[in-house]
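Q: Sharing a structure here in structure tokens format.
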Amino acid sequence: MLNGWGRGDLRSGLCLWICGFLAFFKGSRGCVSEEQLFHTLFAHYNRFIRPVENVSDPVTVHFELAITQLANVDEVNQIMETNLWLRHVWKDYRLCWDPTEYDGIETLRVPADNIWKPDIVLYNNAVGDFQVEGKTKALLKYDGVITWTPPAIFKSSCPMDITFFPFDHQNCSLKFGSWTYDKAEIDLLIIGSKVDMNDFWENSEWEIVDASGYKHDIKYNCCEEIYTDITYSFYIRRLPMFYTINLIIPCLFISFLTVLVFYLPSDCGEKVTLCISVLLSLTVFLLVITETIPSTSLVIPLVGEYLLFTMIFVTLSIVVTVFVLNIHYRTPATHTMPKWVKTMFLQVFPSILMMRRPLDKTKEMDGVKDPKTHTKRPAKVKFTHRKEPKLLKECRHCHKSSEIAPGKRLSQQPAQWVTENSEHPPDVEDVIDSVQFIAENMKSHNETKEVEDDWKYMAMVVDRVFLWVFIIVCVFGTVGLFLQPLLGNTGAS
């Protein structure tokens, strides 16, 4: 049994060894065939000669562009950086073979430096090499069709239109063409009308809206020949979320703080300080913007227009605030309020703005209580009523005809009247003179206080007027500025 089992195992091992040897022999033969094919194709091959049988015939090169990443858009230097795959397809009649003669080999991967290839370059390259490096291999088919798809990183020049920054759209182009061969020697044909974006990685700041390719035949001033190029136009749109959150919204809040200046009471003494603080904040934002946008004097970006508008807005608020404070601290000794000013700012504008002075209610209440003593000085009426009993108490020895009738103002009973109609000792006369002096001082003080209150109320009315004016200008100015990109893009589309 053991002897029989050993013979069967030996037969199985021998069969496996024979199969492996045959497979190895076949693979070795295939490698030999590929090596022989490669040697046969490139034994007398000249990579500097165009692959055409007739010198007058052009080499037809099919070209296609595939984008994998929009790496960066540099607005300051006006450069667009892209990761691309450049697909070239052409036919070389010198590199054809019969697959049946080489064990069915239909394709070869050959180094790109060993074959003739079109010198396609990026015309508007800004940094780096203009031509694609030939370090990658090309796919060669048995019928002579060569497909070469080298990857490349290009930094192309792109004129930036920052009028609507950060809600802007840019149109950047990539112009490819042969640098030395004209149309009679190389004829470029575009594969498809769009850029291949199947392997594209989305960019966090820019969105590719459209990427179309066009073929152009151009005659340059330097030469008589016509040159063919293929230009791809990338229509990209900026995603404004970053700038909206970190730049525009803070600017909006700061600009609306300017409106609160006119709601701040003049007595607090911080109105001008608030205005200057807002102006300094906007200046800092303006310095930040100048580092992110290209230096150009052709246009002013939208954010720059808004900051300029807001800075003018804040500057005017400082001027108005100084004017309001000047009105607020005026006195009868320095200024006299004209009648038309009193009419406009103490009667007309308050009624339009639905403002009502608390002093008016006090006057109405005093007038209802005592119509006979209704005057513009309720405080002095109270003073007279408070002082009259004391005066009568001091003058009890005076003649009855000289008594001061209760309920009448002291200002209507001057000391001269008392002196002429009564007899009293000198000490009582001194008391009456003192009371008259105090009453006159109180009257002058009340008149001064009333004029000062009128100036303060006028300052309050001016503040309220400019509060509404600045609210309207701020809202409509902001909406008008930020509607420009929408209207501009609608018109362009």
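Including glycine, each Cβ sits where the backbone N, Cα and C put it.
Sharing the record's features from Swiss-Prot:
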SIGNAL    1-30  signal peptide
TOPO_DOM  31-240  topological domain 'Extracellular'
CARBOHYD  ASN54  N-linked glycosylation site
DISULFID  CYS158-CYS172  disulfide bond
CARBOHYD  ASN171  N-linked glycosylation site
DISULFID  CYS222-CYS223  disulfide bond
TRANSMEM  241-265  transmembrane segment
TRANSMEM  272-290  transmembrane segment
TRANSMEM  306-327  transmembrane segment
TOPO_DOM  328-464  topological domain 'Cytoplasmic'
MOD_RES   SER401  phosphoserine
TRANSMEM  465-484  transmembrane segment
Q: Can you name the far-off residues of the same chain, 6+ from the ends of the transmembrane segment (465-484), with a Cβ under 8 Å from a Cβ of it?
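A: Distal contacts: 164, 167, 252, 255-256, 258-259, 262-263, 302, 305-306, 309, 313, 317, 320, 324, 349, 353.
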Q: What parts of the chain pack near the transmembrane segment (241-265), using Cβ distances under 8 Å and only residues at least 6 beyond its ends?
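A: Sequence-remote neighbours of the transmembrane segment (241-265) are 166, 205, 271, 274-275, 278, 281-282, 285, 288-289, 303, 306-307, 310, 313-314, 317, 320-321, 324, 463-464, 466-467, 470-471, 474, 478.
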Q: For the disulfide-bonded residues listed here, CYS172, CYS222, CYS223, which shows the highest count of neighbouring CB atoms within 10 A?
A: CYS172
Q: So what's near the transmembrane segment (272-290) in sequence-distant terms, Cβ-Cβ under 8 Å and 6+ beyond its ends?
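A: Sequence-distant neighbours of the transmembrane segment (272-290): 247, 250-251, 254-255, 257-258, 260-261, 264, 301, 303-304, 307, 310-311, 314-315, 317-318, 321-322, 325.
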Q: Return only the integer: C-alpha distance in Å from CYS223 (disulfide bond) to CYS172 (disulfide bond).
A: 27
Q: ASN54, ASN171: which of these glycosylation sites has the highest Cβ count within 10 Å of its own Cβ?
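A: Buried the deepest by this measure is ASN171.
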Q: Under DSSP, is CYS222 (disulfide bond) part of a helix or a strand, or is it coil?
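A: Coil, per DSSP.
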Q: Could you please provide the mean pLDDT value for the topological domain 'Extracellular' (31-240)?
A: 91
Q: State the count of C-beta atoms found within 10 angstroms of the C-beta of CYS158 (disulfide bond), not counting that atom itself.
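A: Taking all protein chains shown, CYS158 (disulfide bond) has 22 Cβ neighbours within 10 Å.
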Q: Calculate the distance in Å between the alpha carbons (Cα) of CYS158 (disulfide bond) and ASN171 (N-linked glycosylation site), and round it to a whole number.
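A: Checking the Cα atoms of CYS158 (disulfide bond) and ASN171 (N-linked glycosylation site) gives a distance of 8 Å.
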Q: Going by Cα-Cα distance, which of the recorded positions (ASN171, CYS172, CYS222) sits nearest to ASN54 (N-linked glycosylation site)?
A: CYS222
Q: In whole Å, how far does the CA atom of CYS172 (disulfide bond) lie from that of CYS222 (disulfide bond)?
A: 26
Q: Given ASN171 (N-linked glycosylation site) and CYS222 (disulfide bond), what distance in Å do their CA atoms have, once rounded to a whole number?
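A: ASN171 (N-linked glycosylation site) to CYS222 (disulfide bond), Cα-Cα distance: 28 Å.
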